[in-house]
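Accompanying notes for the structure given below.
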Amino acid sequence: MKGLKKKRRIQIIALAFVALAGSTALIGYAMRDGINFFRSPTQVVEAPPPETEVFRIGGLVEKGSLVRGQGETVTFRVTDTNATVPVSFTGVLPDLFAEDAGMVGTGRLVGGVFEASEILAKHDETYMPKEVVDALKEQGVFQHTEDQPQG
């Protein structure tokens, strides 16, 4: 009788482990398209991601690079001062989007051009997204001031 209870308990524990592992795998599989990794322009230039990968890029909009094309198409270059990546975006830019200002874009790298599906701009004079701050610090060009909130 004791051996049967022990065997049954082991079976239940094994079944619970398999169910937990299966549900974790299903959740991970379902979330794979919702995860966008952040890259700096230097990282994109050094190791370009595959064209099918959606990721986020952030940095400063290079001064003098903003060109408004036909309709809602806009091209510009994003830089972290070490590398520059051309960006193409079709849509309405945020009101605070400007040259020499911080931005984060979501999209794909196609033929060396980042085709953005979404563009976000910093929301005031002192804010900069945490990922952009980290990338600029890594390049040694970010200078933090006391009144500059991050992230």
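Glycine residues also receive a Cβ, built from the backbone N, Cα and C atoms like all the rest.
For His123, Tyr127, the entry in Swiss-Prot reads heme binding site, with the evidence type sequence analysis.
Per Swiss-Prot, the feature topological domain 'Cytoplasmic' maps to 1-9. Residues of the same chain that sit 6 or more residues outside the topological domain 'Cytoplasmic' (1-9) yet have a Cβ under 8 Å from a Cβ within it are not found.
If you average pLDDT over the topological domain 'Periplasmic' (31-151) in this model, you get 82. As annotated by Swiss-Prot, topological domain 'Periplasmic' applies to 31-151.
Here Swiss-Prot flags 10-30 as transmembrane segment, drawing on sequence analysis. For the transmembrane segment (10-30), the list of distant contacts is empty: no same-chain residue at least six beyond its ends comes Cβ to Cβ under 8 Å.
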Quiz item: Under DSSP, the topological domain 'Cytoplasmic' (1-9) has how many residues in helix, strand and coil?
Solution: 8 helix, 0 strand, 1 coil
